[in-house]
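Colleague: Structure below; questions to follow.
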C-alpha cells in the first residue's frame, strides 16, 4: 500500500479535499461535494474546548460562508436560465400567434350568404341536416304520435268489446251445459225406472 506521507503529498499536489471549496460551483462533481462535507465534518469535530477552538471556529465559519456562496451562484444561475427559457417561450408563442393571424388573413375567405355556413367535414359532430329537414322530421313524428294514440284508443275499445262478448258467450255456454247435464240425468233416471218395471 501507499505510505501516509505519499498520500499527503498527492493530496497537496491536487490541493486535497479543501481545494473543492475553491472550485467553480458549476464544475463541482459528486466527489467534490463529498470532500467538502468531510472537511466541514472534521472542523465540527475540532469544535471543543481547548487552545484550537478559536482557529477551528474561524475556519468553519469561512467554509460555511464559501459553501453558501457556491449555492447562491448555482441557484441564481438556474433562476437566470429559467427566466431566459420563459422569455424564449413567450416570444415563440407571440411568433406563433402572428403566423396564425397572417395565415388567417391570407387564406381566401368564402363569400357566404345569410343562410350559409362553413362546415368542417372532418368534424364528427358537424350538422348533417338543414333546419327545414329537422322541422319536417319533427312534424312527421308528431303526426305519427297522434295516429298511434288514436289506434291505441281504438284497440282498447275493441279489446273491451271482445271481452264483454266473450263473457256473454261463456255465460250462455254455462247455462246450456247445466241444462244438458240436467236433461241427461233425467233421461237416465227414466231409463232406470223403465228397467225396474
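Every residue, even glycine, has its Cβ placed from backbone N, Cα and C.
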Colleague: Pick from 134-165, 166-197: which range has region 'Disordered' per TrEMBL?
Modeller: 166-197
Colleague: Per TrEMBL, which of 47-74, 75-102 is coiled coil?
Modeller: 75-102
Colleague: Roughly where does the coiled coil (75-102) sit in mean pLDDT, to the nearest integer?
Modeller: 86
